[in-house]
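Novice: First the structure, then my questions, so here it is.
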Amino acid sequence: MVSETVEANGPLYPDYLPFYDPLEKVEMVGPFEHDDPGHRADPSFPNLLEKATNVLELSPHCGTELQGVQISELSTQGLDELALMVAERGCLVFRDQDFTNLGFEKQKEIASHFGPLHKHGWMPHPKNGPEEFVIVYDSKDDLRIRKSWARKSPIQFHVDQSPESQPPGATFFCMLESPPGAGGDTVISNMARAFDRLSPSFRKRLEGLKAVHTTANPIMREIRDNGPDSVLRRPITRTIHPVVVVHPVTKRKALFVNSSYTQSIVGWDEEESDYMLKFLFDHINRGHDFCCRVRYEPGTVVIWDQRVTQHSQTLDYSAGSRRHAFRLTPLANVPIPSLIEEDDGECAKDEGRMLLNLC
């Protein structure tokens, strides 16, 4: 909640300031049965849309802003419908939310409707708050995030913690304070659309492949950047997932490789694997026509489904400007592999591909 004793020019939410403890350890969430709430949802979204004053599509293939809806007021049925809509649209944006002021336990309760909450291996949580919270804090007195992106560009599309055996599903990102003016947006990309944009024969080549996902590189960066102050709550995680997955509710196929965590394709030589992954990463990075860009203001809550999207921060605001947010990351199902199918005739319906003799 907003502190009643905010220092001049200090953070509005001091209870959500980041806490770094190099000695802290956390337990990983064990295997669990995931009952996706989207399965229970009414596809006409009566409970979710009941109070919506406006529904704005951010782009044709990704992102919807629901104006006038308070997440905190949604019934169980409304949260189920939220799960279905975010699976279909990739991400949902809610403005002017009282969610920011509900307190740790109520925030956890709402997010836990979508699955057990992940505990991060190196990013901070609040000092006196639950370990499930991930604090994103960039300001003149804490440049740790900015230092970790000391490259030409911070743009890096990824799935949060894809090396988990059951990676995240619907994920909550809540903006407490945003840079003045503009900047610090999140770009979200639809991986189902990214897969659809590939040629039919190439899609079939990807189906059935598996890839290694690991936290090794991010953990090595944490050690490089922060030395003895590094936070290493969990050992390196390594998991094998399908390259193409199927969403359990919508049944849409989506690419499931990302440049932060995907290391190699199983069974391929290093050169072959690197070549293929570079193509897929480039395809994702260049796919501006299946992305949306979310601009923040205090009280904005964005929910995206990480089984069908990837996202990237932008670091285009001035160093020293405060950007303060938290993330709650419900885990979901074991990734479902896509099965190779016979020609479904979809290519023949694409006039552009037919004209180029690509079918």
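Every residue, even glycine, has its Cβ placed from backbone N, Cα and C.
According to Swiss-Prot, the feature substrate binding site maps to HIS120, ARG327, an assignment based on similarity to another entry. Marked as Fe cation binding site by Swiss-Prot on the basis of similarity to another entry: HIS158, ASP160, HIS311. The 2-oxoglutarate binding site annotation in Swiss-Prot covers THR186, ARG323, ARG327, and the record cites similarity to another entry as its basis.
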Novice: Report, as a single number, how many Cβ atoms besides its own are within 10 Å of the Cβ of ARG327 (substrate binding site).
Specialist: 20
Novice: Long-range same-chain neighbours of ARG323 (2-oxoglutarate binding site), Cβ under 8 Å, sequence gap at least 6?
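Specialist: Those within reach of ARG323 (2-oxoglutarate binding site), by Cβ under 8 Å and sequence separation of 6 or more, are VAL136, TYR137, ASP138, SER139, GLU177, SER178, PRO179, GLY184, TYR317.
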Novice: Measuring Cα to Cα, how many Å separate ASP160 (Fe cation binding site) from HIS120 (substrate binding site)?
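Specialist: Computed Cα spacing between ASP160 (Fe cation binding site) and HIS120 (substrate binding site) is 10 Å.
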Novice: So among HIS158, THR186, HIS311, all listed as binding-site residues, which is physically nearest to HIS120 (substrate binding site)? Use the C-alpha atoms.
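Specialist: Given the candidates HIS158, THR186, HIS311, the nearest one is HIS158.
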Novice: If you count Cβ atoms within 10 Å of the Cβ of THR186 (2-oxoglutarate binding site), leaving out that atom itself, what do you get?
Specialist: 21
Novice: Per 10 Å Cβ neighbour count, which of the binding-site residues HIS120, HIS158, HIS311 ranks highest?
Specialist: HIS311
Novice: Using the recorded Fe cation site (HIS158, ASP160, HIS311) as reference, state which further residues of the same chain have their Cβ within 8 Å of the centre of those residues' Cβ atoms, listed in sequence order.
Specialist: PHE157, VAL159, ASN258, SER260, GLN306, GLN310, SER312
Novice: Measuring Cα to Cα across THR186, ARG323, ARG327, which the record gives as the 2-oxoglutarate binders, how far apart are the two most distant ones in Å?
Specialist: 13
Novice: 10 Å Cβ neighbour count around ASP160 (Fe cation binding site)?
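Specialist: Excluding its own Cβ, ASP160 (Fe cation binding site) sees 22 Cβ atoms within 10 Å.
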Novice: Look up ASP160 (Fe cation binding site) in the DSSP assignment and reduce it to helix, strand or coil.
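Specialist: For ASP160 (Fe cation binding site) - judged by DSSP and reduced to three states - the answer is coil.
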